[in-house]
């Protein structure tokens, strides 16, 4: 596996980076995806990954907003949550964030138009 770019943290086969800029959920997702192919707002797949990301956020908490966007959102009423990006958000309260104070132990469903810091994730390229 190749290393993560400068400024990005590495765990397993992924790279992570929190950004202090305050954006809406859609703008933050767009920002992540424009950095390079395959980059998106954070999705968490295991408890160990959550613990790693928790430490990344804690190490950067002094310059992040209190709440940080993650990639989780509700797609449609009655459907399961999804971490796949779509601009067709039905309800303005369909986006999720975490608090830097409670770390990843609590997720909050809020208005997608709020502006917060965010964390991007992507799979490291293979050689």
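The backbone N, Cα and C atoms fix where each Cβ goes, glycine too.
Among the features that Swiss-Prot reports, disulfide bond is placed at 4-15, 32-120, 95-112, with the record citing sequence analysis. Taken from Swiss-Prot, the feature domain 'C-type lectin' covers 11-121, and the record attributes it to sequence analysis.
For residue 32 (disulfide bond) paired with residue 15 (disulfide bond), the C-alpha to C-alpha distance reads 12 Å.
Every protein chain shown contributes to the tally, and the Cβ of residue 95 (disulfide bond) ends up with 27 other Cβ atoms within 10 Å.
Within 10 Å of residue 120 (disulfide bond), judged by CA to CA distance, lies none of the disulfide-bonded residues 4, 95, 112. Rounded to a whole number, the C-alpha distance linking residue 15 (disulfide bond) with residue 112 (disulfide bond) is 25 angstrom.
Under the DSSP three-state reduction, residue 32 (disulfide bond) is assigned to helix. Between the C-alpha atoms of residue 4 (disulfide bond) and residue 112 (disulfide bond), the distance comes to 29 Å. In the structure as shown, the Cβ atom of residue 32 (disulfide bond) sits within 10 Å of 25 other Cβ atoms. The local packing around residue 4 (disulfide bond), expressed as other Cβ atoms within 10 Å of its Cβ over all shown chains, amounts to 17.
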